[in-house]
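Over in Swiss-Prot, the protein carries these features:
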{"type": "REGION", "residues": "1-21", "note": "region 'Disordered'"}
{"type": "TOPO_DOM", "residues": "1-41", "note": "topological domain 'Cytoplasmic'"}
{"type": "TRANSMEM", "residues": "42-62", "note": "transmembrane segment"}
{"type": "TOPO_DOM", "residues": "63-89", "note": "topological domain 'Extracellular'"}
{"type": "TRANSMEM", "residues": "90-110", "note": "transmembrane segment"}
{"type": "TOPO_DOM", "residues": "111-131", "note": "topological domain 'Cytoplasmic'"}
{"type": "TRANSMEM", "residues": "132-152", "note": "transmembrane segment"}
{"type": "TOPO_DOM", "residues": "153-221", "note": "topological domain 'Extracellular'"}
């Protein structure tokens, strides 16, 4: 007796499967589209703040780096002059803010990539890490400069530090303006760093998380 050939029977999708697949796929696409739109808006906001922070940092660097005042009177042996490079804290300020300005300018293309690819996680993570380091450097420079500016205005009798701002008024005004510029720039950097880390409550972290989420939901059905 010859063996009968195996017969393959194709079974179509059940009505339950056909009804459940399309809404889930549509919901995945809608969630991913919502997340992409939100993150594109955040990336545009980040780009604006990044350019603003770079402008403030550049202005603060130029202001501090060109600060110099010479009093109109002098003696046979002394000339009364004040410059930013007379104080190491101000020199550190200029170097640190130059680094911050260069970083902010170089980070603009990465911010543009975040606008073009809003669900890309690597550029956003790189910007967050570098922004944190940049804010730390700018804060250190501003703090050290603020301490010297305070001593220049008020002096310190215990350290025999005389208040020089009564004589070098223009010098103190310029270094104070430079410190104010880095505070504004650091504030902008902190804001756009927080914007990159934020997300809406109704969306997931990125497109991969969206797919994994709906894969789990699909397995539970």
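Just so it is clear, glycine is given a Cβ too, placed from its N, Cα and C backbone atoms.
Note: the topological domain 'Cytoplasmic' (111-131) comprises 17 helix, 0 strand, 4 coil (DSSP; helix = H, G, I, strand = E, B).
Broken down by DSSP into helix, strand and coil, the topological domain 'Extracellular' (63-89) contains 8 helix, 12 strand, 7 coil.
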